[in-house]
Number of protein chains: 4
Amino acid sequence: MAGNTIGQLFKVTTFGESHGPAIGGIIDGCPPGMALTAEDLQLDLDRRKPGTSRYTTARREEDAVKILSGVFENTTTGASIGLVIDNTDQRSQDYSNIKEQFRPGHADYTYWHKFGIRDYRGGGRSSARETAVRVAAGAIAKKYLREQCGIEIRGYLAQLGPVKVETLNWDEVHNNPFFCPDPAKLAALDDYMRQLKKDGDSVGARVNVVASNVPVGWGEPVFDRLDADIAHAMMSINAVKAVEIGDGFAVVEQRGSTHRDELTPQGFTANHSGGVLGGISSGQDILVSMALKPTSSISIAGKSINIQGEVIDVVTKGRHDPCVGIRAVPIAEAMLAIVLMDHFLRHRAQNMHVQVNTPDIARFKRD
Amino acid sequence: MAGNTIGQLFKVTTFGESHGPAIGGIIDGCPPGMALTAEDLQLDLDRRKPGTSRYTTARREEDAVKILSGVFENTTTGASIGLVIDNTDQRSQDYSNIKEQFRPGHADYTYWHKFGIRDYRGGGRSSARETAVRVAAGAIAKKYLREQCGIEIRGYLAQLGPVKVETLNWDEVHNNPFFCPDPAKLAALDDYMRQLKKDGDSVGARVNVVASNVPVGWGEPVFDRLDADIAHAMMSINAVKAVEIGDGFAVVEQRGSTHRDELTPQGFTANHSGGVLGGISSGQDILVSMALKPTSSISIAGKSINIQGEVIDVVTKGRHDPCVGIRAVPIAEAMLAIVLMDHFLRHRAQNMHVQVNTPDIARFKRD
Amino acid sequence: MAGNTIGQLFKVTTFGESHGPAIGGIIDGCPPGMALTAEDLQLDLDRRKPGTSRYTTARREEDAVKILSGVFENTTTGASIGLVIDNTDQRSQDYSNIKEQFRPGHADYTYWHKFGIRDYRGGGRSSARETAVRVAAGAIAKKYLREQCGIEIRGYLAQLGPVKVETLNWDEVHNNPFFCPDPAKLAALDDYMRQLKKDGDSVGARVNVVASNVPVGWGEPVFDRLDADIAHAMMSINAVKAVEIGDGFAVVEQRGSTHRDELTPQGFTANHSGGVLGGISSGQDILVSMALKPTSSISIAGKSINIQGEVIDVVTKGRHDPCVGIRAVPIAEAMLAIVLMDHFLRHRAQNMHVQVNTPDIARFKRD
Amino acid sequence: MAGNTIGQLFKVTTFGESHGPAIGGIIDGCPPGMALTAEDLQLDLDRRKPGTSRYTTARREEDAVKILSGVFENTTTGASIGLVIDNTDQRSQDYSNIKEQFRPGHADYTYWHKFGIRDYRGGGRSSARETAVRVAAGAIAKKYLREQCGIEIRGYLAQLGPVKVETLNWDEVHNNPFFCPDPAKLAALDDYMRQLKKDGDSVGARVNVVASNVPVGWGEPVFDRLDADIAHAMMSINAVKAVEIGDGFAVVEQRGSTHRDELTPQGFTANHSGGVLGGISSGQDILVSMALKPTSSISIAGKSINIQGEVIDVVTKGRHDPCVGIRAVPIAEAMLAIVLMDHFLRHRAQNMHVQVNTPDIARFKRD
């Protein structure tokens, strides 16, 4: 289908099905000379890994990534980086019953009609298992951006069903299995998830990602705007149904006199724009928010049809996350890193010699 | 900056600044054999044209498009289609005062830092004037999709500031200058806009676009998903800050048992997904919603700095829309058409021989 | 057909038919800050222009190029550059007789079968008229490479039919209408061309292009090698049937001990490789040679069929070059410039920080 | 370096170094529904495999390819196909002596200057080992083209040093280790190679590839011409220095009255064009010829410098082919298959509905 690549100069191409022998990918365009080992990728993979808490799927994957090329003596060489992650816990037998079923809310129906054949085991190519490769690729981008540009990319769970986060304390994000930055909400989250599991149901979530210290100037109008490429990348994550930059949908009711971020010699006075003006980074924090739908893999029976067009009841057994949004946090970080890395290289190609005497104004500090 | 192309098989590349001699573009990949004249493009261009009502900018552009190639005896030949629209009403003198100013909320600051040079006249390349070429290109895609696939692509204004549309009557959309489908809201819109002009301010808007009769199967996972490419295209429109597919952000509070659209032999029972499952069209209506920020070109003074870093007051004179969201309706339609056309060709390249015996279920009718 | 773009970071997209209202193109990716006017492009366009001597087609085109965007106050802004050249001397009446004929050696038969429709006037899109836009785009690349990198790109006629050039005197190339660097061959060329016109026939040619002062390091293995992209660009020129880099086909009979260019602290001792090793420029002159077939537009009758499949005789009237290879010299220079410009930007994106202490060895001087 | 992908709809991306743990690639865009197993790829891999005769390198690689994705129940699914071939015979110790040397005629010097780091073991990424992945990818394309379009792609050794093939007997090609179609030349080839090994030297070769039964209409002018893309693909093969289509360089001395292939209701009367007119396939055999330089890995000492710029003598030990051109035959076939497959899909995307009543003339039979 030739749609498995993202990026133009930092290109990530992935392969692999949920229940095939392995998933993997190729990262083409990583600059030479960066220190890199599999451990650098493993840290983020472990954050995404299923089975890390009772709130995510019980499927246990080692998700041990191997670097097959592009790194020599623990340093990137500029050659394409081949990655492979073996699928170690496949349990294909769980899925034989859905071979001819179109599970409502899943890609079964659309894959079947598009391709005429479907690897029905665990969703095949449409499974979120593929996102592990994105996380590994994103870890390379994150490392480069952090070391070369001082950029920090961090995500958190902003809302889970009715439970809204009210405080952003970055130090708390990694102290709980929800990536929740508001310790006052942990009890509510825990209660809600217990009830959800009891109900055999699932729920949606909002995930926010922030990139700090991005220099002014990244993004290529008019189509390859930074925000447009971010929207593309986020919407390419399984289950994402909406993306906002900065104030997002709140701008509908805003007036121009409120929305426009004024400039002072000390920096912008606000960040309604979310760090992008005219499709180009402004030097402020890049603010991205997204909505993830509730997974359709639930144990409550649903109506559907099979490939013969007959009416059926569908009950998804197997091991599934009641809220896929939680584990989306490291995935969203990875996608933002991949987009920023691509635009860093694209900007640098054509504008390295640009000399602007205007001092870059102090960057907006998000409190 | 090499970011002025969208699409892979139906490729649209644009050029042109607000106050240069002309804007234009190249459409590469239009199939041969379609009847096409400049008049086909002019219809949509006239819908976007400034100066059509007292609610939009008083700038008067003929926006007369010329087809320079790719069409022979009123039929597309398969060669690249060159388009040009002369800029006839430029009035450069209006803009000399902002030569060294960074207008808050505009791309002045980011273009300056990226390129070190800026065509400050009317926003230069960052002006929404460029979207006229998108509308012309989209008209080609719309015509092809309508004639070959029966697809209809229609947009409307869903909200303007606090005024929310409550009824979707397609027949009304073109009976008023707001693209408003709810005649009961016209008076409120009129009142609001009058006050806005009096205040010298601007306001945001929500625009919805719907594509009907899209066959099941379009979209190329995992990165070039139909919804991801739609998000990219919409976010590439000037002033767009958020995009939703189907239920969008409402999914955050939904449960899986509610969200998943059940299938019956008669079709889906709902369209929470917005016509896309797993990144591939489901045969249901494609539902897209977006937020457009209020333009920053207002006559209320704002604080900013100039290229020397000195504090200044900015007042935007000239002729500007108090709500750029209104005229975005034909632009959003055009972008959706371009994305669908691209995916039609991409799908067809690889899957023409797919034979699925399952009858395509009746499509969801949006009421 | 979506094949009208070349380049990844310096992207050139063209449109236009031989007898439409205009030809033109978009150059996307030119860095900002370069001084540029239409006159800079006109110089090379005039070198390619038909009607400049009795040896080329009598068709007279002004070939006056207009820059429609991307340049502000005679300086590139980083925005896409729109170009247009009006077709002023079309004489469509010359071509009505060939409307249903497939001229042997032309693209008539293949365009007809591919597209089912054909702009038969003067070859339509398959006409070499399109190459004028390449020359204009190439002039931008040449100027940038010359000013920023000191690169010089020069071509010459190396052979015309049986007449082989034996001396390379760059100063002579522009003193004669053949782009011939060997003044001793001018009389023979003149005699041969006179006889050819008398015979109503045409002949092939060999054209060489050399790029000097290209730094070591340009080219992106394994597929986007510099030599592979050069081969692509040259073979995309009308009538080109073969391309060599360095010693080209002579390597078939060479031994490794002869072919390998040895290195010394003073530079390479020879340039059999043609300036490319492993797909990456070596710092030596880039040496490219190509063969152009004799035009099939001759007044000697040829056998063919028409679109009904009937046997016909074809005689090409109108004004044609007896040797299209001559005018190919500036086109080949332009294509080499476009490829080098693209690879300059690509290399710079990913390797700007590379620090190699080894001093770049002195470059091979071609005598 | 982001140059490791070829193709637009049938995209092949490769990774891997000569002495890393594995090489591999991703084939994105293979249509669903084709029967495929690893054995289908292994056949061509075995033809390319080192160690198959005394004329090629003694290095022994199993070259056992594993399909990791995109194939379900021995059928392609439309998902990206991940391939891996483990490097089983690496012997890194052979290469430590060249760590700081620039071997003349190799990519050592250019990789070092481009990347500032070099996997010196066996050439690293610049090794022809990478071409094994191309052969595997090409086998997929060949199978599809053969089964769906009846296309046959076959190559042979046309010349090795001074020994020229005079007879084209396809049945003989696979009866000897030289891919030689002329049994009368086998003794001369054998003698020549023995002497070459004794001399410790290497020699160049000419390889021809022919695609039969390609339909009329493939290729996308003006830049993505079929012949231009073939030239790119062939020149991207290690050691290739020249490419011809059809008569190639012989056209320089041809006249138009000779070169143009006349058409009759029974087909073309000749194939000087090599099956491509105006960049589009004509229905005749696609005729491609290429020159491969003698490998620079020879045991005769050569002068060079090291990374400190000091004068050194280089002697390449290890196991190397005295004529790399021999094993290039299956690689060239693979590259031609990849290009044709890509253009098949591209053509089909935009021109499936083209109805041409003119009967496709009988195809030229090459005798």
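Glycine residues also receive a Cβ, built from the backbone N, Cα and C atoms like all the rest.
Note that TrEMBL annotation is computational and uncurated.
Residues within less than 8 Å, Cβ to Cβ, of B:Arg48 (NADP(+) binding site) and separated from it by at least 6 positions along the same chain comprise B:Asp63, B:Thr131, B:Ala132, B:Val135, B:Arg327, B:Pro330, B:Ile331. Marked as NADP(+) binding site by TrEMBL: B:Arg48, B:Arg54.
Annotated FMN binding site per TrEMBL: B:Arg125, B:Ser126, B:Ser127, B:Asn238, B:Ala239, B:Gly278, B:Lys293, B:Pro294, B:Thr295, B:Ser296, B:Ser297, B:Arg319, in sequence order. Cβ neighbour count for B:Ser127 (FMN binding site) (all protein chains, 10 Å cutoff from its Cβ): 21.
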Enumerate same-chain residues with a sequence separation of six or more from B:Thr295 (FMN binding site) and a Cβ-Cβ distance below 8 A; give 'none' if the list is empty.
B:Gly105, B:Ser202, B:Ala239, B:His320, B:Asp321, B:Pro322, B:Cys323, B:Val324
Excluding near sequence neighbours, so keeping only residues 6 or more apart in the same chain, what lies with its CB under 8 A of B:Lys293 (FMN binding site)?
B:Gly105, B:Gly204, B:Ala239, B:Val240, B:Lys241
Would you kindly determine which binding-site residues in the set B:Arg48, B:Arg125, B:Thr295, B:Ser297 have their Cβ under 8 angstroms from any Cβ of chain C, listing them in sequence order or replying 'none'?
B:Arg125
Sort out for me which one of B:Arg125, B:Ala239 has the most neighbouring CB atoms within 10 A, since those are the binding-site residues we care about.
B:Arg125
